[in-house]
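Undergrad: Before I ask anything, here is the structure I am working with.
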Amino acid sequence: MRAEARGGLERFCSAGKGRGLRALRPFHVGDLLFSCPAYACVLTVGERGHHCECCFARKEGLSKCGRCKQAFYCDVECQKEDWPLHKLECSSMVVFGENWNPSETVRLTARILAKQKMHPERTPSEKLLAVREFESHLDKLDNEKKDLIQSDIAALHQFYSKHLEFPDHSSLVVLFAQVNCNGFTIEDEELSHLGSAIFPDVALMNHSCCPNVIVTYKGTLAEVRAVQEIHPGDEVFTSYIDLLYPTEDRNDRLRDSYFFTCECRECTTKDKDKAKVEIRKLSNPPQAEAIRDMVRYARNVIEEFRRAKHYKSPSELLEICELSQEKMSSVFEDSNVYMLHMMYQAMGVCLYMQDWEGALKYGQKIIKPYSKHYPVYSLNVASMWLKLGRLYMGLENKAAGEKALKKAIAIMEIAHGKDHPYISEIKQEIESH
């Protein structure tokens with residue numbers, strides 16, 4: 001079957017980038033270019049009981065799977081629809097009990113294998129790009145990444161051998177490599193992780209640090225909307241990474257995860273880098289070497305914190321945030337992205353500890369520089385306004401709360417579309433207060 005065109009869009013060969021997606025007609029800011037159902041998706045373990053395992057709907061009073069008591073559903077329809085995939089895990093979770101711990105990548109890959117068996121022909125998620133056409137970048141993997149794939153394959157065999165037929169070992173290596181660079185994480189309106197999925201047609205889009213579209217989720221459906229004016233013949237670009245950081249950091253991340261260096265306008269001009277790594281205005285300004293050392297320290301502390309999250313207590317994590325901010329503030333302005341990173345982490349710890357005043361204090365410092373560093377329509381900025389609005393509302397400051405929530409809505413109406421359930425929920429929060 002030939003890849004059919006999606007309305008007003010075509011697959012093409014993009015110079016120096018391989019395959020890409022191109023517009024055949026104009027799209028205006030806020031227009032939906034296309035939507036793509038998940039080829040396969042899996043709800044993250046931590047959200048069980050809060051979201052339906054099948055459609056990812058967030059609601060109270062979900063029904064529990066009677067066998068494993070771990071999966072929750074809206075109703076019998078969702079449970080029935082999910083059964084061919086849930087059965088891969090249901091009895092295994094009961095048998096292994098506490099020892100059932102496949103990674104999310106393994107869980108998603110198991111579902112892809114099951115889907116390929118059940119539905120060998122092309123699916124509605126693959127109008128322009130089929131899963132089997134995904135890039136694997138196998139030749140570029142370092143030993144650490146290869147080892148990770150081997151341990152994922154071992155876990156796949158350990159937890160899924162009863163209900164799945166596996167292809168040969170080398171095909172599994174390719175599949176895991178494909179999932180690693182083509183998978184998506186589904187996030188909610190506050191950018192909390194909900195699950196992982198494969199959206200083949202969305203994966204066709206190439207990356208830019210000044211993207212002209214944004215990807216959002218409605219349940220397990222991915223939606224792609226314009227955040228800049230798009231003209232016929234323009235390539236459609238999304239962003240694969242968090243755009244907060246300076247050019248060198250962004251490209252380190254892109255090379256590590258996706259094996260390319262970006263050459264977009266932002267990366268060639270480095271226009272925003274100076275403001276992103278803002279240095280304190282002192283009568284005796286820091287020397288270039290002191291700045292370089294502090295940037296190195298900042299990158300190290302970000303990595304150290306990422307690892308510490310898995311084993312340190314909230315109060316220890318907060319201490320890392322506070323000490324690192326204190327050290328960096330001798331050279332960096334508060335609007336510096338490395339300072340903002342640690343403030344954001346500190347805010348997250350405060351939210352976890354239900355220290356609402358502490359979280360609000362950090363959020364208030366973050367929001368203005370965020371709005372400057374990120375593109376105009378940014379989910380990071382929208383989710384920060386949303387968190388601030390909800391904190392104000394919870395602390396009985398209705399005027400500030402309403403103002404912040406309306407700022408979030410203004411961005412989300414473009415990024416998520418005016419009819420998104422998240423937006424009606426937020427409007428409801430404003431009215432009910």
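For all residues, glycine too, the Cβ spot is worked out from N, Cα and C.
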Undergrad: Do you know which of H86, H137, H341 Swiss-Prot groups with K17, G18, R19, N206, H207, Y258, F259, F260 in the S-adenosyl-L-methionine site?
TA: H137
Undergrad: Where Swiss-Prot marks phosphoserine, which residue is it, choosing among S283, S330?
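TA: Per Swiss-Prot, the residue annotated as phosphoserine is S283.
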Undergrad: According to Swiss-Prot, which listed range is zinc finger: 52-90, 286-324, 364-402?
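TA: That would be 52-90, the stretch labelled zinc finger in Swiss-Prot.
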Undergrad: Would you count the other CB atoms within 10 A of the CB of H86 (Zn(2+) 2 binding site), including those on all shown protein chains?
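TA: Result for H86 (Zn(2+) 2 binding site): 20 other Cβ atoms within 10 Å.
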Undergrad: My understanding is the cutoff is Cβ-Cβ under 8 Å with a sequence separation of 6 or more in the same chain; which residues meet that for C90 (Zn(2+) 2 binding site)?
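TA: In sequence order, the residues whose Cβ lies under 8 Å from that of C90 (Zn(2+) 2 binding site) (at least 6 apart) are C65, R67, C68, A71.
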Undergrad: Which of the binding-site residues K17, N206, F260 has its Cα nearest to the Cα of C74 (Zn(2+) 1 binding site)?
TA: N206
Undergrad: So which other residues, same chain and not among C65, C68, H86, C90, have a Cβ within 8 Å of the centroid of the Cβ atoms at the Zn(2+) 2 site?
TA: R67, Q70, A71, K87, E89, S91, M93
